[in-house]
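Presented below is the structure to which this report refers.
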Amino acid sequence: MALLFSLILAICTRPGFLASSPGVRLVGGLHRCEGRVEVRQNGQWGTVCDDGWDIKDVAVVCRELGCGAANGTPSGILYEPPAENEQKVFIQEVSCTGTEDTLAQCEQEEAYNCLHNEDAGALCENPESPLSPVPENVRLADGPGHCKGRVEVKHQNRWYSVCQTGWSLRAAKVVCRQLGCGRAVLTQKRCNKPAQGQRSIWLSQMSCSGREATLQDCPSGPWGKSTCIHDEDTWVECEDPFDLRLVGGDKLCSGRLEVLHKGVWGSVCDDNWGEKEDQVVCKQLDCGKSLSPSFKDRKSYGPGVGRIWLDDVRCLGEEQSLEQCQHRLWGYHDCTHQEDVAVICSGKSYRWRVHKGWQGG
C-alpha cells in the first residue's frame, strides 16, 4: 500500500510553487503547520483516521511539510472548514517509527470503519513564526501590512503577479487562510495604477472552491502562459489575524480578556464561560493552566470600555485558539461590560507580538 501511494504521488506531482508537491497537507489550522491531516490518492484528498495516531506519526508529517518539531496530536474535527461528507477517509492504523521522510513510508491500512469524527490532526512548530509570518509561496504585496495587497506567487525564487481572469472571493479566502490572516473581506479584479506590479504575470484562470489549503491546490490555467496585462493584477484584503490579550493585571497571564477583530480590541461576555474556555485562552497565550479563579477574583480587573465582540463562547477545551470555539456572530451580544470575562493563568508568557515585539509577564 505504501509503495503504491508513493507511486501515485510521483505521477500526480505537477510543476508549481515548489519543486514537488507533498502527498500530505494540514487543513484549517492557524498556519500551514497545523490542522486536519489529509493525504492525496489518485488526485483526490482524503482524511486520516486517528486510530493508532500518535506523536511519531505527526513528526513524520511535520518533516514532510518542512515544518518544525511535532507539538501535538489534536483531533481533526477542531479545524474548519470541516471535511465534507463526500470526502473519503483514506487510511487508518498509521504506524510510523518517527524517522520516515514521508507518511507514505509508514505502515498503514486502508480505512474501512472510520468516520470524519475520528479524523486525525497534527500540530507542528511553524518555521515562519515569529520572524517570517508570511509563507514563502504566496504574498500580498504593496499593501498596508501582510494581509492586504496585490497577489503574488513565488516560482523558482522569483515573484510573479496573478491575473484577475477567473479570480473570485473563493480564491481570496484561500489566500487569506494560507497567510494566517482573518477572513477575506475584499477582492478587486483590477488594481489601481500605484498598486500595479512590474513583475511577469505567472498565473491566470484560477478556479478555487474556497476549501483548498493553499493557492497551489486550486486548478488554474497553464503556468507561466498568460496574455494578461498589469491592469488586470489582482488585489485582496483580509481581516487582520485573530489575536487576544489579558489586560488590567500586573502580568500578561492574568486580566480581563480582550480579542482583536477588524483592527479593534473588544471584550468577551461571560455568558456560558467556564473552565474549558479558560483552558483554551491560557493555552493560546502560552500561560500554563487556568487557576480557576473565583467570581470575585475575575471581577477585580474591572469592566472594559468600547466594543463587546464575543458572547456565548463554547469550547471543548482541546482547541488551539479561542477562534476555533463556537460563539455568536462577531459583535452580537446581550451583555454589558459588567459581564466582561477575566482569566487568570498559572504561568508567565513570553510571546511574540508583531505590534509590540517581545514581552514577558
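Glycine too: its Cβ is placed from the backbone N, Cα and C atoms.
Automatic prediction, not curation, is the source of TrEMBL annotations.
What TrEMBL records for 1-18 is signal peptide.
Residues or ranges marked as domain 'SRCR' in TrEMBL: 24-125 (among others).
Under the heading disulfide bond, TrEMBL lists C96-C106 (among others). The C-beta environment of C96 (disulfide bond), restricted to residues of the same chain at least 6 apart in sequence and closer than 8 Å, consists of K56, D57, A59, V60, L103, Q105, C106, E107.
Taken from TrEMBL, the feature domain 'SRCR' applies to 138-239 (among others).
Around C208 (disulfide bond), the same-chain residues at least 6 positions away in sequence with a Cβ under 8 Å from its Cβ are S168, R170, A171, K173, V174, L215, C218, P219. Residues or ranges marked as disulfide bond in TrEMBL: C208-C218 (among others).
Per TrEMBL, the feature domain 'SRCR' maps to 244-346 (among others).
Per TrEMBL, disulfide bond is recorded for C315-C325 (among others). The Cβ of C325 (disulfide bond) lies under 8 Å from the Cβ of E277, V280, V313, R314, C315, L316, E319, each of which sits 6+ residues away along the same chain.
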Fill in: Stretch-averaged pLDDT - the domain 'SRCR' (24-125)
89
Item to complete: Just name the winner among C106, C315 (the disulfide-bonded residues) by count of other CB atoms within 10 A of its CB.
Response: C315
Worksheet, complete the sentence: Using a 10 Å radius on the Cβ of C218 (disulfide bond), the other Cβ atoms enclosed count 20
Worksheet item: How many helix, strand and coil residues does the domain 'SRCR' (244-346) contain under DSSP?
Response: 21 helix, 30 strand, 52 coil
Discussion item. I'd like the per-state residue tally for the domain 'SRCR' (24-125) from DSSP, helix first, then strand, then coil.
Written reply: 19 helix, 40 strand, 43 coil
